[in-house]
């Protein structure tokens, strides 16, 4: 993850830009920055994106395999209350991760024919702002005092 996080900005900002410096985003997202490049060397960045997608896919496969093992272990818990408590812990995390992955996959892998600045902005907010904002709320719902307050 750290290697990819270093390679993308270094490669992206080594490109020449000639189409202005205004983005239709609220942060410097790599696909949006590549639209400003006037060089054909953006193919290096495209290969880095492909490498990143492959690495994310491998991580996703390991995560799915981990959740399958977790669910198998939870289903072996003899008490109904124990299974319910274990699922109540795992499912919110799985929901947030699914939201993050599905929206980021859509943002980076959607065809350019359906790309529009408002859609790109909404998708970017969905994968960059919503999961970190929702995470504390979801995990705090396990706190009994907070449930009573709501």
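Note that Cβ sites are derived from N, Cα and C of the backbone, with glycine treated the same way.
Whatever TrEMBL says is automated annotation, not expert-curated.
If you look up TrEMBL, you'll see 1-139 marked as domain 'G-protein coupled receptors family 1 profile'.
Residues annotated as transmembrane segment in TrEMBL: 46-65 (among others).
Sequence annotations record features per position, and here TrEMBL assigns transmembrane segment to 86-109 (among others). Remote same-chain residues near the transmembrane segment (86-109) are listed as 29, 31, 49, 53, 56, 60, 63, 67, 70-71, 74, 77, 120, 123-124, 126-127, 130-131, 134-135, 138-139, 141-142 (criterion: CB distance under 8 Å, separation of at least six residues from the stretch ends).
As annotated by TrEMBL, transmembrane segment applies to 121-141 (among others).
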Intrachain residues whose Cβ lies under 8 Å of the transmembrane segment (46-65), provided they are six or more past its termini: 4, 7-8, 11, 30-31, 97, 101, 108-109
Helix, strand and coil counts within the domain 'G-protein coupled receptors family 1 profile' (1-139) (DSSP): 105 helix, 2 strand, 32 coil
